Amino acid sequence: MPSNKSVSDAPIVQFTNCRILRDHWLQREDLWVREGKILNPEKLFFDEKGSADVQLDCKGSIIAPGFIDVQINGGFGVDFSLATDDFKSGIDLVSQKILSHGVTSFCPTLVTSPPSVYHQVLPQISVRNGGGHGAGILGAHLEGPFISREKKGAHPEHCLRTFEAGAFQDLLNTYGSLDCVRIVTLAPEMKRSSEVIRELTKRGVCVSLGHSVANLSQAEEAVQHGATFITHLFNAMLPFHHRDPGIVGLLTSDKIPAGRRVFYGMISDGIHTNPAALRIAHRAHPKGLVLVTDAIAGMGLAPGRHTLGQQVVEIDGLNTYIAGTKTLSGSVATMDTCVRHFQEATGCSVETALEAASLHPAQLLGIEHNKGTLNYDSDADFLMLNDSLYVQATYIAGQEVWRQDASGM
Amino acid sequence: MRLVILEDYDQASEWAAKYICNRIIQFKPSQGRYFTLGLPTGSTPLGCYKKLIEYHKNGDLSFKYVKTFNMDEYVGLPRNHPESYHSYMWNNFFKHIDIDPNNAHILDGNAPDLQAECDAFEKKIEEAGGIDLFVGGIGPDGHIAFNEPGSSLSSRTRLKTLAMDTILANAKYFDGDLSKVPTMALTVGVGTVMDAREVRTHLVLVACVFSRLVGIDTGIESKETFVLQVMILITGAHKAFALYKAIEEGVNHMWTVSAFQQHPRTIFVCDEDATLELRVKTVKYFKGLMHVHNKLVDPLYSMKEN
């Protein structure tokens, strides 16, 4: 209840009987929320002489920060790289559906596409807070078209481009605008990439290395110019070699500028990476691991054929290939499945698995003061999970936006 | 005095918690009639706090109509520092119970005018009608609260510089680094804790009778004639010498806990180890009285019965 020295009259909710992830470990503590933010109850008690208006018994659940997916190409029949008339309702549908996977913020990802697609689609993506309508949008992730021909993976070859003529201007012309762009994946071995990386970094865009045949020194140079992320480690890059570890070598490179950390995305669906490789990466650089789904339109739908930008893909169980080939193309894994699989495959602690999907992506994007933790004054985006890390309820800004019903849907 | 000797730390903590629980429940606190409790910090009372929290979580004890006054707080330590007494009380007690934050009083070691803060604290105690039960501990140098050796036995709440013994004892909470330990604190005085309820009760009775006769509401809390009680918790062999000085030697301002020899109602609750420096005769006498002492905690009351 508010009292004489009250800072606000907004209701205060106290989540009790739970274990919260804070300071890297699961603590037997209550979670206090007011006005969409995590509240400091000690300050409330001594400064405001306030106490809770509502107490909710969480029945022993784990409370963790909401998951942040920085690489998701679509889902539930929606393809972010397709410039349809109802693009907006498509992105709304995905943002609403992924709440049940524990995702409270995401970066809609566009694969390599012709400029017309970027010009039509990007203006329809806006950075916005999450809520009952769906997960928050942090900005777009543009994966391509400035990538390597040899490592294009499922990206359409005819849309690949270089920026050797006009460097950053070429990039800007291709995309049209960088207004809501949060991450750009490019291949650093391309001519004039250093200028482009510097320009993007200056504008606050996170540069990621991927779909590339760069060697380790090219990758290190890119990092020195500002690159901070690696797109789906191991996939679409040169394999680790003991005399030239390539991009994978960034995990243990000694040429990373002081005070900076290189993060790397991992699709831990059990298919894109062998569990042993996942363990090697995790053990080499545990603090940099960011779980991503790289989910495509077919995620959440029945097996069969779906689109991925300009391509047609075929889904068979958890495997998704370019139709008629054995080339992997995105995944149909959900974020909570990835978290569980990561925890099982590496044998890491529950805290580590949860942080790989929340704290680390927030740190990558430089938003950890607000997202990715349950620290006081952070946005109250959190999940209730059981001990096996199945999501039971999703909260955004302190409001319940999804709950698993009794039938387990 | 009563000297209640239990076998070990856990039993001593439990006895003390049961005693506090019974006193609160028997008082029948309600709106406008609060039970006032003086509270200590440090490692000794932790077990007692845990038991009180347990009674609360079981629904047997509510702190809704309890007012608390802590004995002391460091000066200059930020309130949210993990070693401040505010943090201690929040983490070890307040956050687990249903006390109204307006009723939890702790001295502010960062107040702009420290003496004014002390005077205001004394006034708050007075306005609350005095303290029904003051629970305290004892330092290895025999101090009560931060009334270091040499403190006047009639002292009131004030600023004190900590003695080296105290700083050494507290270093373990500051990574063993002596330079990190605060050197000053605000503390209730020996006189504050010794305050006899009889005088206050007398004045309150007169005022109540008068107001009833005249038919006005003076707003003074009316209480039964309830004499202030002091309970000192002492456990561990390292406190044994201080206990000896406090109860088997004379009243002395070098061992300020000894002042309670002159208080009408004091209970010392200790474990076997704390009695190591006492005379066998003293220990035997009081152990022989345990069946009497135990009537204070058995039966253990519960608010569920009301």
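The backbone N, Cα and C atoms fix where each Cβ goes, glycine too.
TrEMBL entries are annotated by machine, without manual review.
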TrEMBL Zn(2+) site partner of A:His211, A:His232, selected from A:Glu143, A:Glu314, A:Glu344, A:Glu351:
A:Glu143
Kindly point out which candidate in A:His119, A:His272, A:His360 is recorded by TrEMBL as part of the substrate site with A:Ala154, A:Asn235, A:Ala236, A:Arg243, A:Leu328, A:Ser329, A:Gly330.
A:His272
Which of A:Ala236, A:Leu328 (the binding-site residues) has the most other Cβ atoms within 10 Å?
A:Ala236
Cβ neighbours within 10 Å, counted over all protein chains: which one of the binding-site residues A:Asn235, A:Ser329 has the most?
A:Ser329
Among A:Ala154, A:Asn235, A:Ala236, A:Arg243, A:His272, A:Leu328, A:Ser329, A:Gly330, the record's substrate binders - longest CA distance, Å:
30
Helix, strand or coil: which one is A:His211 (Zn(2+) binding site) in, per DSSP?
coil
Minimum Cα separation from A:Ala236 (substrate binding site), reported as the residue among recorded positions A:Glu143, A:His211, A:Asp294 that achieves it:
A:His211
Remaining residues near the recorded Zn(2+) site, that is with C-beta within 8 Å of the centroid of the site residues A:Glu143, A:His211, A:His232:
A:Gln71, A:Gly144, A:Ile147, A:Gly153, A:His155, A:Thr185, A:Ser208, A:Gly210, A:Thr231, A:Asn235, A:Ala236, A:Asp294
Go through A:His211, A:Arg243, A:His272, our binding-site residues, and report the one whose Cβ sees the most other Cβ atoms within 10 Å.
A:His211
Within 10 Å of A:His211 (Zn(2+) binding site), Cα to Cα, which of the binding-site residues A:Asn235, A:Arg243, A:His272, A:Leu328, A:Gly330 are there?
A:Asn235
